[in-house]
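Okay, structure first, notes after.
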Amino acid sequence: MAEEKMMRLSQVAKKLNVGTSTIIDHLSAKGYDIENNPNAKITVDMYAFLSKEYESSAQVKKEAESLTIGKKHMGDVVIDADQVNVAPEHDEEDEVRIINNSPAEAVVPEVPAVTAQEAPKTAPTAESPEDVKGNVTLQGLKVLGKIDLGTADKDSKKSAKNTKPVEKVAAEKPIEKAKPETVAPPVEPKPEPKQETPKTEQPVKKETPKAETQKPPVADKPAEKTPVVEEPAAPVADVPVQVVQAHADKLQGLTVLGKIQLPDKKKEPTRVASSDEVVDKNKNKRKRKRLNDGPNKPAGANPNGPRPAGSNPNGPRPQGTNPNGPRPQGQGGNPNGPRPAGGPNRPGVPNRPNSNGPKPTLTKASEKGEVTGKQIQDKIKATMAKLSGGGTKSGPVNRAKYRKDKRSAMADAEEERLMAEQEDAKSLKVAEFISASDLASLMDVSINEVISKCMAMGMFVSINQRLDAEAITIIADEFGYDVNFQTTGEEDDVTDVDQDDPASLIDRAPIVTIMGHVDHGKTSLLDYIRKSKVVAGEAGGITQHIGAYNVMTDSGKPITFLDTPGHEAFTAMRARGAKITDIVIIVVAADDSVMPQTKEAINHARVAGVPIIIAINKIDKPAANPDKIKEELSKENILVEDWGGKYQCQAISAKAGTGISELLDKVLLEAEMLELKANPDKRAIGAVIEASLDKGRGYVTNVLVEAGTLRIGDIILAGAHFGRVKAMVDHTGKKLKEAGPAMPLQVLGLNGAPQAGDKFQVMETEREAREISSKREQLLREQSIRTKKHITLDEIGRRLAIGNFKELNIIVKADVDGSVEALSDSLLKLSTEEIQIRILHKGVGQISESDILLASASDAIIVAFQVRPSTSARKLAEQEQIEIRMYSIIYDAINEVKDAMEGMLEPKMEEVVLGTIDVRDVFKITKVGTVAGAYVSEGIVKRNNQVRLIRDGIVMFTGTISALKRFKDDVSEVKTSYECGISLKGYNDIQIGDQIEAFEQKEVKRTL
């Protein structure tokens, strides 16, 4: 034997029906050492251990091999009389399936139970009382199993599952034998089972639970399978009575069984209803398998056969008898698949919810759930079909609808895009500071409209004045635009967000700004306070930049003064001065009145929200009238304390020093009320007052420290420029090492000139300052690109309509940034419809070669304000023939540019009447024409003058003189009160009484 010798691993695995890996793992777990190789040797001990361990698996393999003989079963059926072992083997397989056809509960117990009780035929009688107790339909099939055939099958039952093979043998015999012979005997038992049906149905069900709960009562199960053989025995007794009916009523027998079961189960509780469902589904399943049995009676005719209800013991067996062909083939035709009870179960319990056939009982039991689910599925399918545009009936309609929906969606998307573009068109992307002219160009409106809107709102702005975020928002809102401020991120915010510890705050000096009209004595007042001669050093005696000074009063308290220009060109400077100040002093001359710049200064102070003190100057002059000034101020809603208002007022004389100390006391009083404090221990922050370029020192920035302490070596960031503080000096030129709050000073070390009004702050690292500076430069470049306007067709048409449009290109250079702004504003205001001023470039510092080259390329003139060109730039300008105009007073620069513009204007042609001639007689001369004898009544008539003939006040002819004679001599002119002869070129219809008027066209210089 194979067991006595060494075997290979693959052979053992095949024999035991187990995988090699399973064998190796099992042996390894038991301590055997074996290689994972199909050719590895298995010792006798190993094999004995494995065969004992996997005995069941080997048994299954044997059974499977026996099952494969199904093909021989067809030929072996002829020997059914002897009941060869082959038949029992098939019967076993079939019986397993039949038992499985019964409810799933009964399947498991039936297989083991079949061994003992095949011979006893009296078992059915003993079971009937038990059945009466139980009334269970499912085990009716089991009761039917008690038949003599079981005795013959004892041997086969012992080897495998017992009763099942017997059934199949009985079924197979009629299949191969002549159908008439075999069919007759089994048909007879069907009527008898009808009578027994009620009896067997009830006991069968009762036995089923017993079989399930207890394996020892094997007697019950043999009863189930032996009754199959009982069928021939019972028919033998009743053959004469119902043989004919059996033949004729094969279907009726099945139908009757179904009728009996269906009503009983409907009346029975839910459990019975479920069995009915199983029956119905088995019927449907039979019909489905009928395809294999094609020629024979449809398997669906005996659905009760697979049905384990057993109410009709003949039901399942007769089904095997009558539809012998169909049933064995239906169930056993493919035994391999359904052998593990899958065949019967499939049509039964598992498939119950998915059964397709029409089942009245099933429909009633689960009508709501299934119908609802189906409806839901239908709805979902219909909806999906609509969405996908599919369908056969309405395909074209759906496709058309889909195209329509698609077009609609595209139209909606396009509309949304246009709406977004319109919204973007109404959105301005600006930095926090932008000039009024740039803002106007972004909004595509005239700068005059912007200025007029601002004046209507009480804001005084100039063309190049830099507007802050609040002003930009207000102005843009007036024109219907939304403002989107572009910043470089949170890290570049110079606002001091952190709250200072109150314990670290100290008193600081008040920052006082002196504002007022030109020549009203602002600088003289500051001069007296500083005990110096500031005015004497100023060009033209007017202030042209913001001066910042720190003054110590007689009481020992410091005050920081800012002196602003009063000229209208310095509007932006005054606005900046009001923003960084604590208190504003408005200076008004007592011998003058409240002037436009005075009103503007008052407005700036109000916008900044700072307290105002009125100083009425020049009261020592004879024409001084302080009451008149107070009255005019009241018209501007400035009511002084003397008149019951809230504004302090002091009459002073800056020259004589009258009232100066009282004025300072009032300033200190306001400062005390404001409780001005600052933290000197943090990094410094402040504002840029002015910036200039010094040839020897580089960029010099005037700053005012608002909080913290600025020290030499600090990294500061101001606008788009940064640098390390190299030196600091105060207004007197004294070098400082550090500067505390409210201290004005000059700082050296920035890499550029920041714009006046920019905030500065001390950064931790130079890298951080450089990154933020580069981001700000990028924003400014983007903004300048957006604000740059190119010529449009409308503009070209406008210029052509004017006919003589001209453009004046100017490059502005000045000593400080504030002067650059003021001069640029003033020059831009000179633009007219015919002549447009273009500021190509403006900057701080001396004139360089690059400025000359730019002027040469663009045909521009250079206006220099308090700066001079370098030596190389001067030589290049002479070579390129570029005109450089240098000024020290802003008035002179403005006036000369205005004159240049007037020179660019086309002269206006005017008609001048030189003389009048009265026609007193008319002579017609051959070959000459008509000659008029005339008298010069007024003026002088010259030979080359143009003339017009006037008759009754109507001009009849305009032309030139053909001949002018006095007596016989041709003359060049005829004066008043002289007679002459005159003929007109190309006109002979001269009549007595006509007037001839001599005139000429003259060019008249135009003015702006």
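Glycine is treated like the rest: Cβ placed from N, Cα and C.
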Please find, within the list 541-545, 841-845, 941-945, 966-970, the residue stretch that Swiss-Prot describes as region 'G2'.
541-545
Select from 537-540, 617-620, 629-632, 693-696 the stretch of residues annotated by Swiss-Prot as region 'G4'.
617-620
Stretch carrying region 'Disordered' according to Swiss-Prot (options 65-88, 89-112, 113-136, 785-808):
113-136
Select from 516-523, 764-771, 988-995 the stretch of residues annotated by Swiss-Prot as region 'G1'.
516-523
What range among 487-490, 563-566, 831-834, 983-986 does Swiss-Prot record as region 'G3'?
563-566
Per DSSP, three-state class assigned to I619 (GTP binding site):
coil
Quick one: what's DSSP say for G516 (GTP binding site), helix, strand or coil?
strand
Would you mind checking how many other C-beta atoms are within 10 angstroms of the C-beta on I619 (GTP binding site)?
20
Should K522 (GTP binding site) be counted as helix, strand, or coil on the basis of DSSP?
helix
So what's the mean pLDDT when you look at the region 'G1' (516-523)?
79
Please report the number of other Cβ atoms within 10 Å of the Cβ of K522 (GTP binding site).
29
